[in-house]
Amino acid sequence: MPELPEVETTRRGLQVHLVGRTLQRVVVRQRQLRYPVPARVEAAVVGEEVVALERRAKYLLIRLGGGAWLLLHLGMSGSLRLVAETDAPGRHDHVDLVLNDGRAVRLTDPRRFGCLLLGDGDPQDHRLLRRLGPEPLGSAFDGAVLHRAARGRRVAVKALLMDATVVVGVGNIYANEALFRAGIRPDRAAGRIARARYDRLAGAVRAVLEAALAAGGTTLRDFTDGSGEPGYFAVNLSVYGASVCPVCGGALRQIRLAQRGTWFCPRCQR
């Protein structure tokens, strides 16, 4: 699944090509995504200038000059790529946002768990956005946020870290990596972790995500950035999918937490 670094990499790659352009038309080949593509989207955005391309959590927000906006999510296997308008679509190319320069932003989604929604007003009031927690790379996120959310809870700390109402964008790969950097077992009860350790964990989350952004995201199966290039952070993963601890040389343990593969070092993580 494209996680926060992958979505932000896509945003950065497309922003320079999209902002300031006009949407000439929208081509919808498949409406049945996670949520149906609105029937009025084609008529609503034609002739509108793109004034901003933003990200909130794992959602991309295309703001248009007339006040409307498009909200996109890449789902489990989706991507957005800049292509020539004349490029023949593939089987899983479901939507084209055609620009006034002969190019199009193409939504590809083999598993159809992504979405393209239309709205106006404040997008932060949308039902998909309004309950989201702070951005992990923003000033509102720190150890205090995690410590408050964990108070009195027996849930595993990894599950807390992946709860988008606590902090957004920390998916399975990066939760594994951040907990390793912070020296915290992923199955430890969240409410039994001291504030100082949460300070360390918040710093580890930031460091892991910043490193992934610098590398262009993590490619495991489907992710490509806005130009179709893969991300390269997978070569820098410390524990996710690995068998040997890079610090102590001991064997890593693999367990399942909340139905997700989880790796940790029983020596280095307590």
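Keep in mind that glycine also has a Cβ here, set from the backbone N, Cα and C atoms.
Marked as active site, schiff-base intermediate with DNA by Swiss-Prot on the basis of sequence analysis: Pro2. With a 10 A radius on its CB, Pro2 (active site, schiff-base intermediate with DNA) counts 27 other CB atoms from all the protein chains.
Among the features that Swiss-Prot reports, active site, proton donor is placed at Glu3 (among others). Annotation note: Glu3 (active site, proton donor) sits in a coil segment as assigned by DSSP.
Mapped onto three states, the DSSP output places Lys58 (active site, proton donor) in coil. Per Swiss-Prot, the feature active site, proton donor maps to Lys58 (among others).
Taking the Cβ of His92 (DNA binding site) as reference, residues of its chain lying under 8 Å away and at least six apart in sequence are, in sequence order, Thr108, Asp109, Pro110. Taken residue by residue with DSSP, His92 (DNA binding site) is part of neither helix nor strand, so it is coil. Taken from Swiss-Prot, the feature DNA binding site applies to His92, Arg111, Arg153, supported by sequence analysis.
Residues or ranges marked as zinc finger in Swiss-Prot: 238-270. Here the zinc finger (238-270) has long-range neighbours at 156, 158-159, 162, 172-173, 176-177, 179-181, 183-188, meaning same-chain residues at least 6 beyond its ends whose C-beta is under 8 angstroms from one of its own.
Residues or ranges marked as active site, proton donor in Swiss-Prot (evidence: sequence analysis): Arg260 (among others). When secondary structure is read from DSSP and collapsed to three states, Arg260 (active site, proton donor) falls in the strand class.
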Open item on the list: Checking the contact step here: among the recorded positions Arg111, Arg153, Arg260, which have a Cα within 10 Å of the Cα of Lys58 (active site, proton donor)?
Closed with: none
TODO: Write out how many residues of the zinc finger (238-270) are helix, how many strand and how many coil, based on DSSP.
DONE: 0 helix, 12 strand, 21 coil
Open item on the list: Of the recorded positions Arg111, Arg153, Arg260, which one has its Cα closest to the Cα of Pro2 (active site, schiff-base intermediate with DNA)?
Closed with: Arg111
Task: Nearest recorded site to Arg260 (active site, proton donor) by CA-CA distance, among recorded positions Glu3, Arg111, Arg153 - done: Glu3
Task: Per-residue Cβ crowding (10 Å cut-off), top of recorded positions Lys58, Arg111, Arg153, Arg260 - done: Lys58
